[in-house]
Amino acid sequence: MTQKGPPVCNLISVQIQLLRDGLRCWLREYWGANSIMKSKEHTRQVRNMVLEKFKAGLGYKKISQALNISRSTVQSIIRKWKEYGTTVNLPRQGRPPKLTGRTRRSLIREAAKRPMVTLDEMQRATAQVGETVHRTTISRALHKCGLYGRVARRKPLLKENHKKSRLQFARSHVEDTANMWKKVLWSDETKIELFGHNAKRYAWRRNNTAHHSENTIPTVKYGGGSIMLWGCFSSAGTGKLVKVDGKMDGAKYRAILEENLLESAKDLRLGRRFTFQQDNDPKHKARATMEWFKKKNIHVLEWPSQSPDLNPIENLWQDLKTAVHKRSPSNLTELELFCKEEWARISVTRCAKLVETY
């Protein structure tokens, strides 16, 4: 693989930004905790006693020792009296927070440790420590530290051996030249449903007309039928696209290869020493299939497991499905016809760009 990783300067800037965000979050929690501590104020009687001793000529230290309160508290009471002429509590800017600093920090740690934890679970956890708050309060506390609820992305399940095989694949091919990848014939299978394309569409409509037939996209259960396709391509363009009749097994897969693989390589002018790519599906890796490759002197690219995103043909499948469903096929016969027509229309430039950026 020839694609390089992100520049070092970008990685450093990302790390610096993360440190800044963490520091801001810590400062918010620190001052929040201090504000909670400061909310435990002395009574009006104690503050008046501080003022009387100050008027009697005692200094801050002696007043602090006499009343057993901190010197900074004495200084704050006297400063307020000098500025406002009273020891009564002044109007505050807002309502005191219902979450203490300790509970807020605990919620942030829990969300960072378990990203899938729900607001209901955190709400019950706060109730157990005697702080009953609304879910919105918890959500706002997390937002202040940059934690927001987002829909989790779905990705293939990768175990440690899968990660190691991917890394090994990348390291073994990182020095390959562009000409090497131009000699690869990429292949895969895909299923296309008749009414199964989930592309987002917009409609200009008035209020309360969302369910009018002209403003909706018709759907049917199970997609209205589907077809299975096998296809291949290289940097020189698309190869054969074949409909798979019935269930795909090892024998049917070898029959498809026998009729289409070498012919596609010939049409794309890959030469005799090209490389064929396929995934690790059991019917692809069957002993009879591997013996067929050996008999035909076809070199098969070693492929890591659980790596559908490494195959650039996935991009072409998406292009194909988008183009086909724009034509709105009404039956499976039209669906197959439109698939073959749109597959043939995919430009050589598009194929070459996918391989070039691999």
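Every residue, even glycine, has its Cβ placed from backbone N, Cα and C.
If you check TrEMBL, you get these features:
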type   : residues : note
DOMAIN : 37-87    : domain 'Sleeping Beauty transposase HTH'
DOMAIN : 104-174  : domain 'Transposase Tc1-like'
DOMAIN : 184-335  : domain 'Tc1-like transposase DDE'
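With DSSP states grouped into helix (H, G, I), strand (E, B) and coil, the domain 'Sleeping Beauty transposase HTH' (37-87) comes out at 36 helix, 0 strand, 15 coil. Mean pLDDT, taken over the domain 'Tc1-like transposase DDE' (184-335), works out to 88 on the 0 to 100 scale.
With DSSP states grouped into helix (H, G, I), strand (E, B) and coil, the domain 'Transposase Tc1-like' (104-174) comes out at 44 helix, 0 strand, 27 coil.
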